[in-house]
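A.B. asks: Take this structure first; my questions come after.
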Amino acid sequence: MINPIAIKLGPLAIRWYSICIVTGLILAVYLTIREAPKKNIKSDDVLDFILIAFPLAIVGARLYYVIFDWDYYLKNPSEIPVIWHGGIAIYGGLLTGALVLFIFSYYRMIKPIDFLDVATPGVMLAQSIGRWGNFVNQEAYGKAVTQLNYLPDFIRKQMYIDGHYRTPTFLYESLWNLLGFIIIMILRRRPNLLKEGEVAFFYLIWYGSGRFVIEGMRTDSLMFASLRVSQWLSVLLVVVGVILIVIRRRNHAIPYYQC
């Protein structure tokens, strides 16, 4: 089993979980700043947004997780702020981040759709990297299986949980997000292919569809009615993404994304 603590300096413990999140954040910021000038967005605007949105997104991701596991946290309220042990939900972070983006864009007089288009690829890459924090923490895994011989030894050993090998759903989602990142980076460079906003809407469809399938393999995620909470949200993302693309394709006044 991999030690979740990567570096220990006296009382300070730096966890792999945190390293994965921060690494993803740094790369996302770099990619966004590099693309932002094409939409007349200043790098200072990107950095200011991150300084506001990132901590709020972490809080939103934690609150989302706590709300849907309220019975446990009602009995263990001291566990609510202990996010370094895991237990943050990406959908909570995304919803919070999107809300902050719309408010921030309004006050900075930036088109929200432009900000979404330049930031989306970085978000996909950050999510791909962040899932490896779940790997180290032995969370976001799937059903028990008899063997995982197709995987490298270090993954196979880490996926041996409670006496069984577990389906590495963290890996599936990480690779799915990485593939989506590569595809959207290629499509975004093709002239007159994507309209403004369709980078972000592609993300809704791609991530939502992949997450719906992968979430069905998990055993540790939150349930609501007959589906997992994340599956309900995944369906919503896909439907919204498809509707928005259809609407924009029918509106010939909407320009194409400028490479």
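Cβ coordinates are placed from backbone N, Cα and C, and glycine is handled just like the others.
These came from Swiss-Prot, pasted as-is:
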TRANSMEM  9-29  transmembrane segment
TRANSMEM  48-68  transmembrane segment
TRANSMEM  83-103  transmembrane segment
TRANSMEM  114-133  transmembrane segment
TRANSMEM  167-187  transmembrane segment
TRANSMEM  197-217  transmembrane segment
TRANSMEM  227-247  transmembrane segment
A.B. asks: Between 48-68, 114-133, 197-217, 227-247, who has the most Cβ pairs under 8 Å to the transmembrane segment (9-29)?
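C.D. replies: Comparing 48-68, 114-133, 197-217, 227-247: 114-133 has the most Cβ pairs near the transmembrane segment (9-29).
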A.B. asks: Which of 114-133, 197-217, 227-247 shares the most C-beta pairs under 8 angstroms with the transmembrane segment (83-103)?
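C.D. replies: Going through each listed stretch, the top one turns out to be 114-133.
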A.B. asks: State the non-local partners of the transmembrane segment (227-247) in its own chain: residues 6+ outside its ends, Cβ under 8 Å from one of its Cβ atoms.
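C.D. replies: Distal contacts: 68, 89, 91, 197-198, 201-205, 207-209, 211-212, 215-216, 218, 221.
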A.B. asks: If we skip the immediate neighbours and take only residues 6+ beyond the ends of the transmembrane segment (114-133), which ones have a Cβ under 8 Å from one of its Cβ atoms?
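C.D. replies: Apart from its flanks, the transmembrane segment (114-133) reaches 15-21, 23-25, 27-32, 35-36, 38-41, 46, 49, 86, 90, 94, 101, 104-105, 140, 170-171, 173-175, 177-178, 180-181, 184-185, 188, 196-200, 202-203, 206-207, 257.
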A.B. asks: Sort out the residues at least 6 away from either end of the transmembrane segment (197-217), same chain, that have Cβ-Cβ distances under 8 Å to it, and list them.
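C.D. replies: Same-chain contacts beyond the ends: 113, 116-117, 120-121, 123-124, 127, 142-143, 167, 169, 172-173, 176-177, 180, 183-184, 187-188, 228, 230-231, 233-238, 240-242, 244-245, 248, 254, 257.
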